[in-house]
Each structure stands twice: as structure tokens, then as C-alpha cells.
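Following: one structure in C-alpha cells, then a few remarks.
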Amino acid sequence: MSGPTAGPVRAGGNVDERVLGAGTGLRFVLLLVLFLTSSATVASMIADSVVDPHHYGVGCALAAGLNPDDDYLGITLSTVRAGDAYRACLDRFVPSASMWTPLVVLGALVVAAVALYWLLPSWKGRRSRVVPVDAVDGQGELRALLDELVTVAGLPRAPRFVIAPAASTASAVVFGRLRRYSVCLHGGLVARRRSDPEGFRAVVLHELAHIRNRDVDITYATVAVWRVFLVTVLPAYLVWAALDLKASRASTVLGPAERLGTGHNLVLSAVMIAFVYLARSDILRTRETYADLDALAGGADAGSWLRGVHQHTQPGRARKAFASFAALWRTHPPWDRRAASLADTRELFRPHALTLFVAGATATIAADQTSSLLRTYDVGWAVRPLAGLLAGLIAAIPGVALWRAVARAVLTGDRVPSGLRVGWWLGVGLAVGELLTSNTSGSTRLLPSHPEVFAVLIVLAVGTMGWTAQYAELSVRSWQGRTLRPALLIGLAATWAVFALWYAWWQTEGQIFVLGSAFSESGIRQALERDLPGSVPGHQGALSAIAVALPVLLPLGTDPLVMWAAAVLWLLPLLVWARRPATSAPEWARRALRDVPEIPLGGERPPSLRRILAVAGIGTLVCWSGAAGVMAYMHTWQPPVDRRFGTYLLVFLAWLLIAVTCGSVAAAVLAAVVVRRLPLLAALVAAGTAALFGLAGVFLLGSSDGCLGPLNTLGSTCHWLPMRIWPSIEVLLPLVLGLGIFASAGSALLALGVKRALRPLRQTAARAAGQVETAGRDRLVTRRLWVAAICLAVVVLSTAVSLPSGAEPTTRTSLTRNQLVPGAAIGPVSPQVLSLQTDAWLRLGGMDLAVRFHGDLLEILTALEDDAALTDRDFAATRIRPGCRDVAQVADGFHAYFPVPDPQARQRWERLLAQADRAAADCQRAIDDGDYSLFVSSMNTFVDVSGSTPDVFRSIRGR
Amino acid sequence: MDSLSEPSDVRATADATRPVRDVVREVVSDAAPDELLLVEGLCRSDDESVAARLAARDRSDEPLGFGLGEIAALVTPVVWIALDEAARKATGAAVGGVGRRLRVWLRRIFRRPAVTRTIPPLTPDQLEAVRLRVLELSTESGMAPAAATALAERVVARLVLRPLDQLAGERGDGGEPAT
């Protein structure tokens, strides 16, 4: 390292790279998870093909109304709409592949991977390739040198040293398993041990550092797992795909969709393999840099790395571009970067776009495969918890990267990263992963109908990472411990909680919006009008808006976890505000900056809490005035007392929700604009406080409803009735303090984006604001009192909402599955598809029922030919009544079965069936009651029905 | 040290053929004594395997390696490959090719005893071919021209010079010492 450049570089480079964990372990775990999910998916696909070789599953879907020309939403909804009939068809015809199949396959693959992991060291260290150092080093000169290096490297016991005499590279490699490691010295290195002792030392120390950093086991575990996948799962999948493509040629209607689906899966597999290679190389490159730094710390000469730089310098732009692309796939960083990292550890603290992108994409692929598998085996309830677990990995990988970058920036006085870039690349990775999997695009088209909904993932990632960066800064600046790790763990747990909640929502519900709206707005509105008492004409618009919002808000709004996750977002930073400011540099910082006499930490304090609370006060005022405005407006169309708790209350609650959320959003936006430092955290605290006090205002207004004159809404007589408004507050709480906080965070991010875009214009103003901001400091005791009061209130309210209420929930609704499914999602059917649907309908139960129906009618008609049929009641009871009962049973069977595919034939058939059903019921009642005229009329109906039946059946069959 | 590093039986015979590995060891101990460890290591395998492994390419991007793909200009592989080829040509065996690895592998499977490659006395033309081949291989491996020339001449000298015990035997017969 040359003198003149050493100054500024060393200032940044001196941060101990181990101030926080590198996070590579998490990335390895993600690769292992991907191996498991991909293997289980392939095993499940093959098992499905084996148990259902004739594709009865597809037949059931066709009979249910599946249209292969539809998009994925239409296909899914056609089976959803068929409901129990579809399930019954699958139960009857498709032997369910046991969940044990993929589990057993996974077990076998894991055993194979463990065996390979166990055997790899023996293979790499086989006698024909390497020789032990002790066997050839008669005088023990090399052994003594190696022993000294083992002591320098700080290893408790020496590994086995072997020589690969035929390898002429001046290198070495380490391999082994579970603390039995071997360092293999290449012939070229051994030959140079005297002529280039520094180079020899650097290489051996580097390899010993790999052992000390525990890189060997996890690396070879990944190698073993991946080789097992490539040798077993991938070929099995390719054979399956080839057979599938061959089979798809048999059908002209289903074939194209099937080929597209298989092609889609093949592309996914290819890209996934590329991602795994990229991820693995990326992780290994990080580990190499750590080993380099350890070797340097052990006294290796940096010149040994410079030799690599001279050797690998690439002239020309095109060559350089190719070299940087090729470098992405290599397990070692380019030499210039390795040499640079020795002088400056900055590289180890920088979150890399590729790392984040690949982590996001691979995690989504694994998550989608997991959820598909769980749904296939009817354990859909496990999707949410498993998605939450996986979200931990997705959030922790960029989270650790961000914390490291922030810690370094705080220690060196550099600009602290905003987290937006990290969030962006993670979000893009998540979205690309989703695009690749067939969960959203389905097997019928390459792109989903609404790819713009993927923006939700990007916003989610950007928001979470923006918060993580600011919280990390707040926490790092005030952390007093010996090590920073507990602060990181608290911060990551919070990031995980929030990300997991939203990611689990995405996996279970959010994803569907990429396909389109899965709920019929008109169906919900009609059900609301029917089910809620006191519908008020003239407010259809409000009801329609509620019907649109309900499918989104209901699952999230009723989940107390949303409220807790939102509470974490703003209470955790608030608690840091209550900490005593640091007076001297903490021990962790002194250790991290081991050879810098003056530590630049401190100075920057979090923004004044008083200022944030003042902004929250403005938000609270907006909430209160909004609530008062809503009550005044509701008063204008106040219905009679008995009709105030249906539609009127629903509309009132919706307006209150909007009013309070507006106050909270206003506080967030204002805080984001006026607070210079940590604006997102300030915005969240302001929004949370405003929402809390806003709701308190609503509670006060609601409790005194009836005494408010022009504001009276639900009450007409003046009493203090807190219990009257409390149920409404219970409904609003998770929405306002849960979803409302997230909406405020989104608005604050937007405001920050605008502020950043306008920064050049506002720079001087912001500087002035900054001076004001740090000038007035509030007292610690006051600050702590405020923080304690707010935290206590939120925790008590969240607990109250989370506890199960004693009353049974009244979930009676007239909404049927058919009404809930939007008709527009299922498109018109071509004659070819209709013919296939009809064929499936007939084969999978329709024909059976029709034959039985016809037989039962014939039985009745034959009995009617007897003279006693219309005169003898006993004859009717013994010969005709069973036929009537059978017709009723067949009619029930038809009701439980899929509707007839052809709409016109369906109408005729349903009319006929209704006639027969009614006649069957009349016949039985007439015979039981001795009602002759009813009996005769039912028999006449049977005669009519049997006359029309052949014609109607012909129309069903389309000929 | 095992028996492979000791003078083999072939050397004791009076027909002046010598094991390739012995000549390699002699050249390396003169030209690059630091590489003797490698020669000893290689000598633990049979000649077929050694020749196959020396001809194989090294991986520089192994996981957990140092990553330096720099090939050291080693004397041992140059001399061993050149002498192995010369020995094969002189005895009429096939040189190199895909078959070599397969042969090594099959022999291992069927547990056939390893053949010790020997080099007979070479004609001046053959010696010149060896010299040129050593020069070529040394230059390929990145050795400086002067060092390459010196090595080539040293190899030829070693091939021409008989070991001391053979010299003594030949003097007793009244024969001319080899020059």
C-alpha cells in the first residue's frame, strides 16, 4: 500500500469486517430451502402423473367448466365455482397422491446428499491424486513451516496437509467434513516455498482462514446437495417434461395450453439453475474476501494478491465487460477487487444489487413452490406460517447487508444508505421470481393479466428496507453495548415481523390480484343490501365502494397481527428516543475501529421528539375535525333509530375510517417533509400518535353522541354511553392503527420521494430547518413519560383487540359462492371446448345419472300401465312411490353434480329437472296423504317429462 | 520412504535401460531440488497414472481454493512428460491420447500390476527429439529461454551419462564409456 493514498482509504477501510455477521449463512440456507422445494415439486408432479395417468383431474375441471382458453383466474374460478362437486369428482376419480411421496423422495435425496457430502473429501483426497505431506517430507522441513502457520492462524488443531504433486498451479484448496479438514497444497506452491516464501505463506494462511471461518462444511454441503439435484431431480424432471410435451400433441384443444405450461416450467428451471449458480458463486466470493483479510491479519504479504492483479488485467472495453460478466459466475472475486479489499473493507459492507436480486427471486420461487405443494396436499393452512418463516430469510438477507452498510457509514462518517436501493433490488427480485413461477401467470399465458400488481412487492420491499435503514441508524448511533449484534437482532426481528405479515398476505391473498379481481363487486353489494337492515336509497355509491374495498380490507382489517406489526414499526423507534444519549463512544465502536485513535461516532442525534409530537398534534386535529365533519354529514340523512345499525352504521364507520386515516396520513406526510433526519421513522411516530389520539377523539364524540346537536349520528338522547361506540372503535382499531399506519408509511415514502426530487430547490431551507431541529432538545424525563404513555396505550388497545371477544361472531350471509365469483372472469367457450366439457360431464357422472333418471321414469310409466295404478293406493305405495323416491334422489344427485356445460341445454335441463323433482315430491306426498288429484297431476308431469327427456338429452350431447 | 523411490530392479540389469522416474529424479535434484518433494509424491503412483495426471489441466476456480490460476514453471512435469513420451516412442507404445486415462482406469479396476516405464539408450536423433521436446514444454510452461535451454541440455546429458555402477561394469568389460 502506497503512502499518499493510504490516508483516506484507511480511514474507511479500518472498520472491522466482523462488526456484524456477514449474512452468508442465511444465503446458504436459502439455497438449501430452494433445493428442498424444487425437489419436492418435481417429485409431486411425477407422483401426480403416475397416480392419474388418464388425467381425470383435468376431466373434472373440464366438467366443472374449465376453459383452456381462459386466463389463470378464469381457470381457478371455474373450479372454485363448482365447489363441492369438483372436490367430489376428484375424490371419486383421482386417487390422491399421498403427501408422503414427496416427503419420502426428499428424505432419499437428503440421504444421498449426506452420503455425497461424506464421500466428497475421500474422493478429493484419493491416493491417486494427493499424497500426505508427512509421506514425502522426510526431513520435516515443510511440516515445520506448516505447523508455524497453523499457530499463526489460531487453529486449535492442525488440519491434514496433503500435496497434489501433479498440479502445477501455485495454489491450494481446503476440503473435508465436520472438523476433519485437509489442506491440499498444489505442486506449484510447494515448489515455490523457498523462492517465494511470502506467496506460500499467503496461500496457506488463506486456506487455514477458511477452516477457521467454518466455510468448509457449508460449502461442501451445498456442493453435495446441488450435485444430487443435478444428477437425480433435474434429469427426472426433463424426462417428465419431454413425456408431457409428447402427450400434449394428442389434444388439439388442451395441447397448446399444456405445451405453454411445460415450456414456462422449463424456462423457470433453467433460470432457477442460473440463479443458484450466481447465488452460490456470490456467497463464495464473500467468503474468499474474509479469508483474504484473515490471511493478511496473520501476517501475509499483500503483494501476493497484487501478482494476481497483474496476471489478470484485461485490456479493452469489450473484454472488460465480458470479464465482469464472467466474474459473476466465478467463485473468487476479480483480483483487482481482492487486492482493493485488503486495503479497504468497504466492499464487504456494500449491499450488492445482484445478491439482493437473486435472493429475492430464489426466495419467491421457493415460497411459490411451497405454497403450491401445500395446496396440492390440502394443507393450505400451513401456507401462511411457512410463508412467514421464509419471509424471515427474505428480509434478513438484505436486512443484514443494510445494517452492515449503516454501521460502517455511522462509524466512518460516510453518507448513511437510505435502504431504497436495497429495497428496490430485493423487490425487483421478488417480482421477477413471481413472474417466473406459474402461480401468477398460470399455464395458459406467459404474463399474468395484471403484472402492475407486482409493484406491491416492490413497494413492500422498498418500504421495509427504508424503515430498516433508518431504524438501524437510530439504533447504531445510540447503542451502548459491547457488541452491536443484539441491536441487529432486535432490528431484524422487527423487519421480519412486518415483512412476514405482508409476505404471508401476498402468498395467501395478494397474489390473486395479479390475475384480476376474484370477487364480484355487484354480488357483494347485493348481499350487503339484502343482509343489512335499513338500506338507504341514494347511497348506492358508498355501498359500491365498500363492496370493492371489503375483499381487500376484511382479511387484513380483522387480523390483530397487522396492528401489532404496525405497532412495532413506530413504537420501536419511539423506545430508542427514550434512551439516554451517549456521552462517549461505546465499546463495540472502539473495537470495530481498532486502530483509529479518534472515533467519529456521536454528534448526530435523533430528531427532537417534541417537534414530531407537534406534527402529530396537527394530525390529531385533522382526525377530530374530520370525525366531526363526518358526524355532521351523517346527521343530514339520519334515519329512524331502528334503521341506524345497518347500512347507515356501515357507511358511518367507512367515513370515520377515512377521516382518521386522513389525519394519520397528513401527520406522516408533514413529518416526512419537515423532519430532516430519519424522516420515515419520524413520520411513522407522528402518524401513530395522531391515529391514537384521533381515535380517542372519535371515542369521546361517539360516547357523547346524542348530546351533540347537529353532530348527532347514532344517538338521539343525551347520555354518556361509552359502550355504544366501543364496538365501532374495536372495528376501527386494527384498521386505523394497523392498515392506516402502513398507508401513512406509504404516503410518507411518496412525500420523501417528492422531497428528494425537489432537493436542489429546497437545500437551503432544509439546512435552516436542520438547525432549528437540533437546537431545541427536550428533557429526558418528559420524553420518557410521553413514550411510556403512548406505548402503554397502544399495547393495551392491541391486546384488547387481539383477545377473543366472548360473543359468537355473526357470520350469516346470503352471499353464495356463485355470487361471489365474478362472471366476467370466465369467458365464452368455443364449440371444441364445449364438446370436451360435455364429454367430461357425461363420462364423469352425468351419463350415469341420466341413465338412472331415465330408468326411474320408465319404472313409473310402466307401473302406470297397470289398471290398479290410479285406483289402488296400496299398489301406488308399493310400485310407484319407490320410483318417485328414486327420481327425487337422482335429482339430488344432479344438484350435487356439475351444471350442464352448454348454457342453452342447461336451461332446458334445469327446467325439466325442477319439474321432475317437484313431481317426485308431489307423488310421494299424494300417496302418503291420499290426495288423488295431486297424484294424478304428478303422474301427468312424469309423462310430460319422460316425453321431453330424450330431446333434452340430445341437446346436452350437442346432437 | 517406500520402495518406489529406491533404484528399481530394472536399473540393475546390464542392458542400460533405466526407469523414467529415476532419470527424472536425477534431473530434478540437479535443476530444481525444491521440487524433489513433488517427484517423491509422483513416484508413489505408477507411470501411466503420473503421465495422465501431468497432462490434465488444473482447475483454478475450485471452491475454497486460493483462486490463483498461475502456473508455476516447474521442471518436474516438463522432464517427466518428455521422457515418458520418448520412452513410449522408443518402445513403440502409444503416446498420449484419450485412451491413456481409460487404460489407467481399466488397469485399476482389473487390478493389473503397474508397468514401470523404462527408457533405453537413445540414438542421437532420439536424443535431439527429447531436447527439442523439453525446450518446447519448458517454453510452454513459462520458463525463461536460458533456463529452458539449460534444462534441455541437462536432460540430454543425464540420458547419455550412464549411472556409476553401469560405468564400472562396462570398464571391466573393456567397453568405451559413454560420452
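Cβ coordinates come from backbone N, Cα and C, glycine included.
The average pLDDT computed over the domain 'Peptidase M48' (A:139-344) stands at 87. Taken from TrEMBL, the feature domain 'Peptidase M48' covers A:139-344.
Among the features that TrEMBL reports, transmembrane segment is placed at A:28-47 (among others).
Under the heading transmembrane segment, TrEMBL lists A:100-120 (among others).
According to TrEMBL, the feature transmembrane segment maps to A:218-240 (among others).
Annotation source TrEMBL lists transmembrane segment at A:387-410 (among others).
For A:422-441 (among others), the entry in TrEMBL reads transmembrane segment.
For A:453-472 (among others), the entry in TrEMBL reads transmembrane segment.
Look at TrEMBL and you will find A:484-505 (among others) tagged as transmembrane segment.
According to TrEMBL, the feature transmembrane segment maps to A:561-578 (among others). Within the chain, the transmembrane segment (A:561-578) has long-range Cβ neighbours (under 8 A, six or more residues past its boundaries) at 467, 470-471, 474-475, 478, 490, 494, 497-498, 501, 606, 609, 678, 681, 684-685, 687-688, 733-734, 737-742, 745, 783-784, 787-788, 790-791, 794-795, 798, 801-802.
Remote same-chain partners of the transmembrane segment (A:612-633), defined as residues 6 or more beyond its termini with a Cβ less than 8 Å from a stretch Cβ, comprise 652, 655-656, 658-660, 662-664, 666-668, 670-671, 674-675, 682, 685-691, 693-695, 697-698, 701, 705, 708, 710-713, 786. The transmembrane segment annotation in TrEMBL covers A:612-633 (among others).
According to TrEMBL, the transmembrane segment annotation covers A:645-673 (among others).
The feature transmembrane segment is assigned by TrEMBL to A:731-754 (among others).
The transmembrane segment feature in TrEMBL is assigned to A:785-803 (among others).
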(request) Please give the sequence-distant neighbours of the transmembrane segment (A:645-673): residues at least 6 beyond its ends with Cβ less than 8 Å from one of its Cβ atoms. (result) 528-529, 532-536, 539, 542-543, 545-546, 549, 612, 615-616, 618-624, 626-627, 629-630, 633-634, 637-639, 679-680, 682-691, 694-695, 698, 713-714, 728, 731-732, 735-736, 739-741, 743-745, 747-752, 755
(message) What residues elsewhere in the chain lie close to the transmembrane segment (A:422-441), defined as a C-beta under 8 angstroms and at least 6 residues from its ends?
(response) 72, 261, 264-265, 267-268, 271-272, 351, 353, 356-365, 368-369, 371-372, 394, 398, 401-402, 405, 447-448, 451, 454-455, 457-466, 469, 511, 514-515
(message) Can you tell me which parts of the same chain pack against the transmembrane segment (A:387-410), counting only residues 6+ beyond its ends and a CB-CB cutoff under 8 A?
(response) 12, 15, 19-23, 26-27, 29-30, 33, 346, 348-352, 355-356, 359-360, 363, 366-367, 370-371, 416-417, 419, 422-423, 425-426, 430, 461, 464-465, 468-469, 472-473, 476-477, 484, 488, 491-492, 495-496, 499-504, 506-508, 592, 601
